[in-house]
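Student: Here you go, one structure.
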Amino acid sequence: MANTGGGGNYRNGTQKGALKFDRPLSLNSNPKSTSSSFKSKPSSAAPPASGLRRSSTGSLGGSTGPSKDDAGVPGRVRVAVRLRPRNAEELVADADFADCVELQPELKRLKLRRNNWDSDTFEFDEVLTEFASQKRVYEVVAKPVVESVLDGYNGTIMAYGQTGTGKTFTLGRLGEEDTAARGIMVRALEDILAEISPETDSVSVSYFQLYMETIQDLLDPANDNISIMEDPKTGDVSLPGATLVEIRDQQSFVELLRFGEAHRFAANTKLNTESSRSHAILMVHVKRSVKGRDSALLSENGNMSHMVKTLKPPVVRKAKLVVVDLAGSERIDKSGSEGHTLEEAKSINLSLSALGKCINALAENSAHVPVRDSKLTRLLRDSFGGTARTSLIVTVGPSPRHRGETSSTIMFGQRAMKVENMLKIKEEFDYKSLSRRLDIQLDKLIVEHERQQKASRDEVERITIEAQTCISEAERNYADALEKERLKYQKDYLESMKKLEEQWAIDQQKHGGGRTAVGLKDDSLGKMSSGEVAEVPAAEVKKLLQNETLLRKAAEEEIDNLKNQLVQWKRSEAVGNSEILKLRKLLEDEAHQKQKLEEEIAILQNQLLQLSFEADETRRRLDGSGDGKVPGGLDSLLSQVKLPQLKDSGDGEKASIAKLFEQVGLQKILSLLEAEDADVQIHAVKVVANLAAEEANQERIVEAGGLTSLLMLLKSSADETIHRVAAGAIANLAMNETNQELIMAEGGISLLSMTAANSEDPQTLRMVAGAVANLCGNDKLQMKLRGEGGIKALLGMVRCRHPDVHAQVARGIANFAKCESRASTQGTKTGKSLLIEDGALPWIVQNANNEASPIRRHVELALCHLAQHEVNAKDMISGGALWELVRILRDCSREDVRTLARRTLTSSPTFQAELKRLRIDYG
């Protein structure tokens, strides 16, 4: 936000720019690795670290007593006073006067002189003289709070006092030239980084300023209007739009502080040459794991994988340290503020006054605490009367000329000492860590199962090959032996026959005598006349036959032996077949075991999914979103899409859609958008619209082609319900800047304009107008959106008289006008407003005082932004917008809009001349 007045300058003369650092913001190195351990010292207000309690965050002005099952630790606000030494001006101007403040640090008392003989005495928790070192101030004021933050409690350190008394010096001094001059912010982060474990703990910071009731990000100067979000049940206050940077080392934190300080508003006044014109707030978020409370894992054997012993998730503590450097209170007549600096001083004094009223109400136990009077009190509602441990340091000066301001500061500290806080630890289960560990265990089990399965298959194959080899070798040996025996007996038989023939021939020659060869060949041996000659060959033949018989018997015995060996080989073969059957059975058992392990893996996956659902349900319950019931089972994609529960809103619907999303998959859901059945298309687009409402799902929907499918439905479908729900889903996706560019690139504005032109249903027009309004908030798409008829489409939808449609149209026009105003301030736009060129000004003027608050609020904001560009002034005067600007300045209920209207009328020469001509006094 640029400084338009003459009172505010950037501290150190640095202009706003992009956030750049020479060193990375997150490193593994620890600058305090050689420092001693950071141990808590006992303190009367310190909460005990032993009793772990769930956090039920209290609020400033709300109920601070413990609930039925959630008790807190009482802790009073501790207040210290610090005296600034005389500066050069006071040494000259007050040389003849004594200091108005006298300190008694040993008694922890402060005397405020009324005159030379009378004084008032006040007691504080700590009294710090002008000679107190920065280290001493940190140890007595901030260190107990930092120790409590490390134990899991929220903590606040705040500086209050007149301008120029050393608040920023005490809190925000970087100490780059002299390390002894380091302030509380730098020293607190040193101790926190020295205590945390980089592997399990994390520290992140955000740094912003409250300037004229607007919250501006000091780490992202372009983010100049951050809204405050408040939990309606717990009262927790958060700034989701602020930049959050994770810190790993001290140097990166110092660079962050230096960058933020360069963009903080400061001005030169009579009381301080560099007076802070805004309240600076540093938020440090510390997340620590509670050691010894996480899940235990059982390791059975060295070769076995780790098995989960318990599903109890680890416990983490989340604490927040808030360091507040308040802008100094001042009197206008003493500071000499004028012009824009005067407006800044008024805003500072109003916010400090609102804080003082809240402190008074808490100190007096009032039934009503006006916490909503200022954004400062809303941000500090947990610090006073809430659950944080708070230390306040009030800074005063010695000059008797400022005795009134010193007395006011002291009384503020005295009232703050009466405020009691109820300190509570904030603990929660780390379901994400447990989910990651279960994923690792599941992966290990799958790898081990696959390894065992492969080893089993290899063993079965090895045994099978060995058996087949043995059988083949036995068959081959048997065949070889049989062939050898056959050849042997055949050879013996031939040799025996040959011997018989030879012997018979010899006997014939020996005993035939004189017989003729014819008689020998006659084959009539039985008819020989001589019986003696016949007897000799018969005996020989008989002997030979006996030998042959013996040989035959031996051959038969050998054959029997071979047959027995064959039987034995067959038995061996049968044994081998039996072994093969056993191996096949073993293989079947292994297959069955594999199926059983796959079923166990599926059960583990279901348990993991159930655990994720329980984590979501617990988180929603803690956030106050109610108990969501998740339907069990999914028979088919079509039946789940058509569940009647999806037609009703609520936590049950979100839980059902979340489980459908996880179990079925986004691609299958998106495929139903192209179904021929119109009823299926309607239910499918409702599921996608509900998923698009969650920011975590939007990127996946776009990557899977969901955005293209929704735009195609607008083009191809004629069903009014599909148009309404698809436009609502596109409106949800259009809240992301990347998605906005994709919508424009795929012709989304033309399709939305066509849908708006063809529809008369107020709800459909409301969804389309909401989508176009989101696109209007993108500076890069202004010309393209106007060129494709986006503004014409918005103005065309006002034909519907429904107030919700008009509210979305007004929001879109306000977004477009704000982007034009920003472009004009940056010098990138010089011509007349595109809204005025497209004829939007008459409708804006007509509805500037609309009875409906949402319409009126957006139209008033649009008028103020249009009026900031001098080129639009003449058209706005001729269109009657000047009267509405004057009315806004006088009657608008919102302070920021009135301030913007006043700044616009004051800075425009054309408006000033017209007001002077019409003699209008706008106050």
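Here the Cβ of each residue, glycine as well, is placed from N, Cα and C on the backbone.
Because TrEMBL annotations are produced automatically, they should be read as predictions rather than curated entries.
Got these off TrEMBL a minute ago, pasting:
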REGION    1-73  region 'Disordered'
COMPBIAS  1-10  compositional bias 'Gly residues'
COMPBIAS  24-58  compositional bias 'Low complexity'
DOMAIN    76-419  domain 'Kinesin motor'
BINDING   Gly161, Gln162, Thr163, Gly164, Thr165, Gly166, Lys167, Thr168  ATP binding site
COILED    538-621  coiled coil
REPEAT    664-706  repeat 'ARM'
REPEAT    705-748  repeat 'ARM'
Student: So of Gly161, Gly164, Gly166, which of the binding-site residues has the fewest other Cβ atoms within 10 Å around its own Cβ?
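Tutor: Checked Gly161, Gly164, Gly166; of these binding-site residues, fewest Cβ neighbours within 10 Å: Gly166.
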Student: Could you tell me how many residues in the repeat 'ARM' (664-706) are helical, how many are strand and how many are coil under DSSP?
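Tutor: Per-class counts: 35 helix, 0 strand, 8 coil.
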Student: Taking every residue in the repeat 'ARM' (705-748), what is their average pLDDT?
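Tutor: The answer is 87, the mean pLDDT of the model over that range.
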Student: Give me the non-local Cβ neighbours of Thr168 (ATP binding site): same chain, 6+ apart in sequence, Cβ-Cβ under 8 Å, ordered along the sequence.
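Tutor: Same-chain residues close to Thr168 (ATP binding site) (Cβ under 8 Å, separated by 6 or more) are Ala159, Gly183, Ser276, Ala280, Asp325.
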Student: Would you please pick out, from the binding-site residues Thr163, Thr165, the one with the fewest other Cβ atoms within 10 Å of its Cβ?
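Tutor: Fewest other Cβ atoms within 10 Å, among the binding-site residues Thr163, Thr165, is found for Thr163.
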Student: Could you list the residues of the same chain, at least six apart in sequence, whose Cβ is under 8 A from the Cβ of Lys167 (ATP binding site)?
Tutor: Ala159, Tyr160, Gly161, Ser276, Asp325, Leu326, Gly328, Thr395
